[in-house]
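A.B. asks: Feature list, courtesy of Swiss-Prot:
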ACT_SITE  300  active site
ACT_SITE  374  active site
BINDING   288, 293, 311, 372  Mn(2+) 2 binding site
BINDING   293, 370, 372  Mn(2+) 1 binding site
């Protein structure tokens, strides 16, 4: 889908003005109430009071979540006019704006419209600027239009069979191909940059969703490594992929312990984007890449285990984020690090009670092989010390306990530094990809005590997400660090099953803020 921005003079709406633009659909927002303003007022004048009459007669009240499609409206160049309800102006929040965008996309998806002049960006919430409105519009429109993995042969065959039998396949794309986002003339430059950034973020989210949604027999550790190579080649990043022998040479005993049960070779992926100059310390993103998690010898229940292909969504989001950063050309140095493997049971798999030595030299008693994410991450967190990072953020579908604590709304955020935590929280709010800060009190560390090693890899049922973060904290004392537990936000179950692309919006906004 192609997005662009266009600066319009709202005082010249009709005749040769923007309302005369030839397009398949003109999208206009209306607040609830009798008073028309902005684009709605201009449209009303150009159509000789049509909009006002619709409101007065109660045919369209502008209530949130509602819409009205008009066809062949006199005085308008568009084939259709879509009126979108914005609700009460006093209650027009970020979420209300997002709801309006989604309402418009749903309405357009039931038509054959291929192009739209989008006049909602000027009606962003008061505290938001045009850049926010444009980026949010693009990411939400692309998110709503996402369809799963059509390039893969197996899915193509299934789609062809469904089409032949008249069955819906869930991969039918809407007709919309071109969206022109209208902005005020004074916002032209900011809007143009925002369109580039919004497209990059949407591309990163789609990559993240694709990788997460792929079945684990396709998206193996090797597949992730090849994806990283492809990103590096397209965007001129530096790529280094370490195999088993190199991982062994680095003494990554914790990571290797997880890999033992699987026939799939582990990979350790490093991508470097150098946009900030040689002297700038990089921000390092570390993503958990368990491409399938059975739990190992501590086997998970069979029901719902298919969703454990999503246990690499941390890795997927890190790859999606660095791709977005490269597409945006941010003046920032960013490193993406992904330890990736499967967690499988076998005759040679790691057993509960085994003791291993991590890259840091600290020993770990593996009390539960299903607490494997922290084992691959701890060695990665030691490895990244060599970059002398400005900050390190690890991203992982780490604990079911985080879902119990926060549900599927907020990602769990852990950080020692208030400044880093606040920056991430603020970025999440702006990107509508929110997180909630969780505790890291030293008292929780007591739960990780072991009689046979420096620590156990679990701390019991109480505060399970917290103790997992406390485990990681032991390997991050040499730099500023934050941990995002995305177990509740990386994918959805049920009818809407699939990867969400989170926390790419949060991470990209955080990096844009640092680069500003």
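Positions of Cβ are set from backbone N, Cα and C atoms, glycine also.
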A.B. asks: Quick check: of the recorded positions listed here (300, 370, 374), which one has the Cα closest to that of residue 288 (Mn(2+) 2 binding site)?
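C.D. replies: Result: the closest of the recorded positions to residue 288 (Mn(2+) 2 binding site) is 374.
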A.B. asks: Could you give the Cα-Cα distance between residue 370 (Mn(2+) 1 binding site) and residue 300 (active site), in whole Å?
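C.D. replies: Rounded to the nearest whole number, the Cα-Cα distance is 8 Å.
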A.B. asks: Return one of helix, strand or coil for residue 374 (active site), based on DSSP.
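C.D. replies: Looking at the DSSP assignment, residue 374 (active site) belongs to a helix.
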A.B. asks: When you average the Cβ positions of 293, 370, 372 for the Mn(2+) 1 site, which other residues in that chain have a Cβ within 8 Å of that mean position?
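C.D. replies: So the additional residues around the site are 258, 290, 294, 295, 296, 298, 300, 311, 343, 369, 371, 373.
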A.B. asks: Which residue among the recorded positions 288, 300, 374 has the fewest other Cβ atoms within 10 Å of its Cβ, if you could check?
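C.D. replies: Minimum Cβ neighbour count within 10 Å, taken over the recorded positions 288, 300, 374, occurs at 300.
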A.B. asks: Inside 8 A of the center formed by the CB atoms of 288, 293, 311, 372, which other residues of the chain have their CB, for the recorded Mn(2+) 2 site?
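C.D. replies: Here the nearby residues are 258, 289, 290, 308, 312, 343, 373, 376, 396, 397.
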A.B. asks: With H, G and I counted as helix, E and B as strand and the rest as coil, say where DSSP puts residue 300 (active site).
C.D. replies: coil
A.B. asks: When neighbour density is defined as the number of other C-beta atoms within 10 angstroms of a residue's C-beta, which of the binding-site residues 293, 311, 370, 372 has the lowest density?
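C.D. replies: Among the binding-site residues 293, 311, 370, 372, the sparsest Cβ neighbourhood within 10 Å belongs to 370.
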A.B. asks: Near residue 300 (active site), which recorded positions out of 293, 311, 372, 374 have their CA within 10 Å?
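C.D. replies: Qualifying among 293, 311, 372, 374: 293.
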A.B. asks: Helix, strand or coil by DSSP: which one applies to residue 293 (Mn(2+) 2 binding site)?
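C.D. replies: Assignment for residue 293 (Mn(2+) 2 binding site) reads strand.
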